[in-house]
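Asker: The structure follows.
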Amino acid sequence: MTADGPTVFPEFDESFRAGFASFVGRPNAGKSTLTNALVGEKVAITSSKPQTTRHTIRGIVNRPADEERTGAQLVLVDTPGLHRPRTLLGQRLNDLVIDTLSEVDVVGFCLPADEKIGPGDRFIASQLTKVPHKRVVALVTKTDKIPRRQLAEQLIAVDQLGREHLAGEKKQAEGFEAIIPVSAVNGEQVDTVADELARMMPLSPPLYPEGELTDEPEAVMVAELIREAALEDVRDELPHSIAVTVEELMPRQGRDEDRPLIDVHATIHVERDSQKAIIIGRGGSRLKQIGSQAREGIKRLLGTPVYLDLHVKVTKEWQRDAKKLGRLGF
Ligand SMILES: Nc1nc2c(ncn2[C@@H]2O[C@H](COP(=O)(O)OP(=O)(O)OP(=O)(O)O)[C@@H](O)[C@H]2O)c(=O)[nH]1
């Protein structure tokens, strides 16, 4: 899928900077909200074909040059969360994250301002040391939730975390390259985050044209939307236990041109019968709800009404079974 209209690369000169950034942080740290705030309305959901990364691109920030700053393009790359691995899948995900992080130019470590630094944060910090020579900035999120004095304390704690974990590397003996407090909700400092990330990008022409949307793996995004809908409200009962595969994603044949419809056939994989029952719900009520929520999201993503056919299947112990993992695309 490409956007309507011509392909337009942002204007650039020799001082233009462009590159990849990735946000990490424990669940709920505010990564998605910050991504959306940075990218603004123009969320270019795209999946990367080229360049250095094979991972999903969440959004592209195109910042034109003005009198004070050079132009830049930030490509925000999505990574799954870093978790203490308990299963083979967990381990693979972590390896994948480390891979991704070694390919991006800058890592933004999101730490909520209103929560004490915990073991989860320290685990992530320790993982970041596995990605040597990496520029890491700390983004202290949700600053609107706390008074200023408390923010100062948190900034000091974050600084200390950086010094403890990111010391040793010659380049990072000072800890984080920068610590930026930000609120994605009231917009405070969002521009500063963009400026700071842009400043750290290598000199490069823009990597993507403006307005480009997905190239081919819409299926990945569609699967993700279905997974999100399925996890809504039951995240605690089904942590990591579900995967979604998309078997078919096709425009319906024989429709009028002005009334297109896309057929999506997808399967939600769970590990156990009990989980299947949760997903389906009484009399199929949850599955219906999942379907309509996912359908809305897919419609927005593709810009076309969709017919969504969803199945639920028990794929036993898929988290631990390497062969099955491969089949599910991990
Ligand atoms: N008040 C306030 N709330 C925020 C801010 N940023 C995020 N939140 C809220 O914090 C919660 C988590 O935000 P997300 O952006 O989904 O966090 P995440 O890190 O992407 O979470 P995962 O997808 O679980 O890894 C949501 O309820 C957001 O609305 C902020 O700047 N201020």
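For all residues, glycine too, the Cβ spot is worked out from N, Cα and C.
Remember, TrEMBL labels are computer predictions, not curated facts.
In case it helps, TrEMBL gives these features for our protein:
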DOMAIN    17-206  domain 'Era-type G'
REGION    25-32  region 'G1'
BINDING   25-32, 78-82, 141-144  GTP binding site
REGION    51-55  region 'G2'
REGION    78-81  region 'G3'
REGION    141-144  region 'G4'
DOMAIN    234-316  domain 'KH type-2'
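Surface or core, plus neighbours and distances: that's what I need for these features.
Answerer: In the predicted model, the region 'G1' (25-32) shows an average pLDDT of 87.
Neighbour density for ASN28 (GTP binding site): within 10 A of its CB lie 13 other CB atoms from the protein chains shown.
Per DSSP, the domain 'KH type-2' (234-316) is made up of 29 helix, 27 strand, 27 coil.
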Asker: Using a Cβ cut-off under 8 Å, which residues of the same chain at least 6 positions beyond either end of the region 'G1' (25-32) come close to it?
Answerer: 58, 81-82, 109-112, 118, 120-121, 124, 139, 141-142, 184
Asker: Report, as a single number, how many Cβ atoms besides its own are within 10 Å of the Cβ of GLY25 (GTP binding site).
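Answerer: By my count, 22.
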Asker: Among ASN28, LYS31, THR143, please name the binding-site residues whose Cβ is nearer than 6 Å to ligand 1.
Answerer: ASN28, LYS31
